[in-house]
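*Asks:* TrEMBL feature annotations, pasted as is:
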- K12: active site (ACT_SITE)
- 71-146: domain 'GHMP kinase N-terminal' (DOMAIN)
- P97, F98, Q99, A100, G101, L102, G103, G104, G105, S106, S107: ATP binding site (BINDING)
- D139: active site (ACT_SITE)
Amino acid sequence: MSAIYNERAYAKVNLGLRVLQKREDGFHPVKTIFHKINLFDDITLKISDSNNLKVKIFGNEEYIGSNVDLMEKACILFSDKTNIYFDIEIKIDKKIPFQAGLGGGSSDCATVLLTLNKHFNNVLTKAELLKIALMLGSDVPFFITGFDAAYGEGRGELLKEAEGVSYPIVILKKKGSLVSTKEAFKKLDERKCISSSFPSWPLKLELWKNNLVNDFDIIQPIRAEDEFKKLSSNASFDSTCGSGSCQFLVFESDKQLNNFLSLRCSYEMLVTKLRKSTLH
Ligand SMILES: C[C@](O)(CO)[C@H](O)COP(=O)(O)OP(=O)(O)OC[C@H]1O[C@@H](n2ccc(N)nc2=O)[C@H](O)[C@@H]1O
Ligand SMILES: Nc1ncnc2c1ncn2[C@@H]1O[C@H](COP(=O)(O)OP(=O)(O)OP(=O)(O)O)[C@@H](O)[C@H]1O
């Protein structure tokens, strides 16, 4: 028997991201608000019964290099944990920029885990899925929860749902600018003074500028460019996506967004919205 699923894996931004001192296990505790955005990878999964695990992925040539796709790792972990074997063909239409801080790979593998669990009649509990998710990456548990927005602590696995908002958002990407998450965290270890303060979620956009800080902002060369400064002065809020390299600008209205879109911009631009689903 086989079944086909068409799924969307949404990207996220971090509204505020404080990074504390490195722990003994090499990871840094963070405090953040994760928020999904309406930018997604389209993933088609064909799952068939089989006596051994077979994973085929199509469409990942552009981003995979010599890495193993996180979606393949998700299949292996799911099979190990459940002792269920299957033949899976995954087709991905990648729209989320990678090494960009948008959590694309994390969202893709969370989507695969959730779909496998759905196919196999919820064989794993949410708690078991969250445990596997953290083995795949610090951002993966957020995508397992299904929340539009959440406070995240620990490595990002201590999650509490937050109310989502739906302001227009523009992602700016400088051509050729890629950031390795590991290297970005390493750079922050050079800081002399580390603050741990993190505000409660200010839903009102006018409060974000003075309350939400991403510690990775200081290591993003694009933020020192005159063009970026000029563009961001036309938005209500701007910050780095995760550990970079993409930046995002938030607008209070479509009118403010349209004024912004009439400006000259040499960066690649993705125009979307913070995601507030109707399920809640
Ligand atoms: C920057 C964020 O995207 C913010 O949400 C996340 O903290 C990063 O999450 P991620 O991409 O899933 O990262 P992981 O795959 O877990 O970790 C990649 C590498 O980044 C570093 N890392 C990551 C998360 C964390 N809290 N502390 C770290 O020091 C570690 O060196 C780790 O080996
Ligand atoms: N499904 C996937 N999508 C994107 N990258 C993947 C995937 N699987 C493995 N990778 C590898 O992971 C690296 C980047 O992953 P990803 O896009 O999650 O990072 P990111 O954009 O920096 O997100 P974040 O740091 O916010 O989690 C790439 O070098 C890529 O080869």
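Each Cβ is built from the backbone N, Cα and C atoms, and glycine gets one as well.
TrEMBL annotations: computationally assigned, not manually curated.
Computed from a predicted structure; not experimentally measured.
Please go over these features one by one and say how buried each is and what sits next to it.
*Replies:* Residue density at K12 (active site): 30 other Cβ atoms are found within 10 A of its Cβ, drawing on all protein chains shown.
Under a cutoff of 8 A between CB atoms, and with a sequence separation of 6+ in the same chain, the neighbours of S107 (ATP binding site) are A9, Y10, A11, K12, F40, D41, I96, D139, F143.
Every protein chain considered, the tally of other Cβ atoms within 10 Å of the Cβ of D139 (active site) stands at 28. Following the DSSP three-state reduction, the secondary structure of D139 (active site) is coil.
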*Asks:* For the domain 'GHMP kinase N-terminal' (71-146), what's the model's average pLDDT?
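*Replies:* Residues in the domain 'GHMP kinase N-terminal' (71-146) carry a mean pLDDT of 98 in this prediction.
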*Asks:* Near Q99 (ATP binding site), how many other Cβ atoms are within 10 Å of its Cβ?
*Replies:* 19
*Asks:* Given the recorded positions P97, Q99, G105, S107, D139, return the subset with CB under 6 A from an atom of ligand 1, ordered by sequence, or none if empty.
*Replies:* D139
*Asks:* Least buried of the binding-site residues P97, G101, G103, going by other Cβ atoms within 10 Å?
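*Replies:* Across P97, G101, G103, these binding-site residues, the one with fewest Cβ atoms within 10 Å is P97.
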*Asks:* Excluding near sequence neighbours, so keeping only residues 6 or more apart in the same chain, what lies with its CB under 8 A of G105 (ATP binding site)?
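*Replies:* Sequence-distant Cβ neighbours: D69, L70, F98, G137.
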*Asks:* Identify all same-chain residues not among P97, F98, Q99, A100, G101, L102, G103, G104, G105, S106, S107 whose C-beta atom falls within 8 angstroms of the centroid of the ATP site's C-beta atoms; report them in sequence order.
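*Replies:* For the ATP site, the extra neighbours are A11, I96, G242.
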